[in-house]
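Following: one structure in structure tokens, then a few remarks.
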Amino acid sequence: MAPRSRRRRHKKPPSSVAPIIMAPTTIVTPVPLTPSKPGPSIDTLGFFSLDDNVPGLSQLILQKLNMKSYEEYKLVVDGGTPVSGFGFRCPQEMFQRMEDTFRFCAHCRALPSGLSDSKVLRHCKRCRNVYYCGPECQKSDWPAHRRVCQELRLVAVDRLMEWLLVTGDFVLPSGPWPWPPEAVQDWDSWFSMKGLHLDATLDAVLVSHAVTTLWASVGRPRPDPDVLQGSLKRLLTDVLSRPLTLGLGLRALGIDVRRTGGSTVHVVGASHVETFLTRPGDYDELGYMFPGHLGLRVVMVGVDVATGFSQSTSTSPLEPGTIQLSAHRGLYHDFWEEQVETGQTHHPDLVAAFHPGFHSSPDLMEAWLPTLLLLRDYKIPTLITVYSHQELVSSLQILVELDTHITAFGSNPFMSLKPEQVYSSPNKQPVYCSAYYIMFLGSSCQLDNRQLEEKVDGGI
């Protein structure tokens, strides 16, 4: 167990609770806005790291969003009212300003403000995603860009189509699985199960007024229907990857979801992105993965949890078939002391961390260490996902050094199929959310460093 003084370093006062019911099968409760959040924020670190590759990029983003500081940006993201003139007069202005945040030379990293009067940033005509300040930079950059140009074309389309999720014009198709759950092992079998019904649903979205308005507002030609349908499918996998990956963990770790009173999953280090667009029905798919379950609680814990998402500390039994979403702002080891140890919330059957990033920063590793030790010492079944094979290797090495008992790792059959562009390094190979997973349970890892290297090098 982590030393108590270390684990209590980031204490914060408990928040108030106001439970409500948002849907017949999904219970959700709003979390009040808190003025400050403890510990390092991966969202904040990520924002300011943009300047490492493109000096001044963070300020360009704030400028295009009509904001004066990152604090004001976070205030708006957290549901507050900005002090300056944030907002857009029309959709065309919004999309243009969003696109302007990507305008810098991919080769020399020049921003618009640093160009001479004779130069202007123009995008690659193939992917419409990467900009150059002139033919010389574009020609010099082509050997690097050609490897990712096609994928970045998909990124550019997805970035616009994702707006349909924000507005609610693309509602994820859902319903009980017509196939036995054990027959659905990956996206191929999931899409086969959904079949023509899913295609009809996506086609209805494509002919909607919302899609017509979207592409009329962005100032570029509308792609072909098959391109747009492919984008909707990628967006669908991006949203459903998290609940289905949780299901993968419950399956692989042999957790009984038919226990009286329901089962509990804690999502640790939950980010703003994970919670901001999450809607009550998004986790229904997790329930359909386990027909006959007696209730599933999904509690998201993190310093960047979206304001207004949810918070609940109820220990009441769930109704069979119910999925309860809730959240808590703060670090997990503090949440454990304040909520779990005091009996205010349920002990987890599974803990999951999507892209914890503890391998990437000493500050993040320091914040994660008490939680990782807690999970190890309490022998809590734990699932971690990462973006890439490189992150997998680095994370495995850290977990081995912490003497965790790694039970499984590999490629995630329910990874997101939506490519993610590295914002400030656009020609870096795009990554995919939850591309790989690691599972561990307790201590005394059975793989030493040499065995681990052999397993990783042998292919996953």
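Here the Cβ of each residue, glycine as well, is placed from N, Cα and C on the backbone.
What Swiss-Prot annotates here:
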| type | residues | note |
| --- | --- | --- |
| BINDING | Cys105, Cys108, Cys133, Cys137 | Zn(2+) 1 binding site |
| BINDING | Cys124, Cys127, His145, Cys149 | Zn(2+) 2 binding site |
| ZN_FING | 105-149 | zinc finger |
Legend entry - Reduced DSSP assignment, Cys105 (Zn(2+) 1 binding site): strand
Legend entry - Check: same-chain CB within 8 A of Zn(2+) 1 site center, minus Cys105, Cys108, Cys133, Cys137: Ala106, His107, Arg109, Ala110, Leu121, Tyr132, Gly134, Glu136, Gln138
Legend entry - Count of other CB atoms lying within 10 Å of the CB belonging to His145 (Zn(2+) 2 binding site): 21
Inset, instruction - In whole Å, note down how far the CA of Cys105 (Zn(2+) 1 binding site) lies from the CA of Cys124 (Zn(2+) 2 binding site). - result: 11
Inset, instruction - Starting from each candidate's C-beta and looking 10 angstroms out, tell me which of the binding-site residues Cys105, Cys127 has the most other C-beta atoms. - result: Cys105
Inset, instruction - Ten-angstrom check, please: count other Cβ atoms within 10 Å of the Cβ of Cys133 (Zn(2+) 1 binding site), all chains counted. - result: 24
Inset, instruction - Mind giving me a neighbour count for Cys124 (Zn(2+) 2 binding site)? Other Cβ atoms within 10 Å of its Cβ, every protein chain shown. - result: 20
Inset, instruction - For Cys124 (Zn(2+) 2 binding site), just give me the three-state DSSP call. - result: coil
Legend entry - Near-site residues: Zn(2+) 2, ref Cys124, Cys127, His145, Cys149, CB cutoff 8 A to centroid: Arg126, Asn129, Val130, Arg146, Val148, Gln150, Leu152, Arg153
Inset, instruction - Measuring Cα to Cα, tell me the gap between Cys127 (Zn(2+) 2 binding site) and Cys133 (Zn(2+) 1 binding site) in whole angstrom. - result: 16
Inset, instruction - Compute the average pLDDT of the predicted model within the zinc finger (105-149). - result: 93
Legend entry - Between His145 (Zn(2+) 2 binding site) and Cys133 (Zn(2+) 1 binding site): CA-CA distance (Å): 15
Legend entry - DSSP state at Cys133 (Zn(2+) 1 binding site), helix/strand/coil: coil
Legend entry - Same-chain residues at least 6 apart in sequence whose Cβ lies under 8 Å from Cys137 (Zn(2+) 1 binding site): Cys105, Ala106, His107, Cys108
Inset, instruction - Take the Cβ of Cys108 (Zn(2+) 1 binding site) and count every other Cβ within 10 Å, whichever protein chain it belongs to. - result: 15
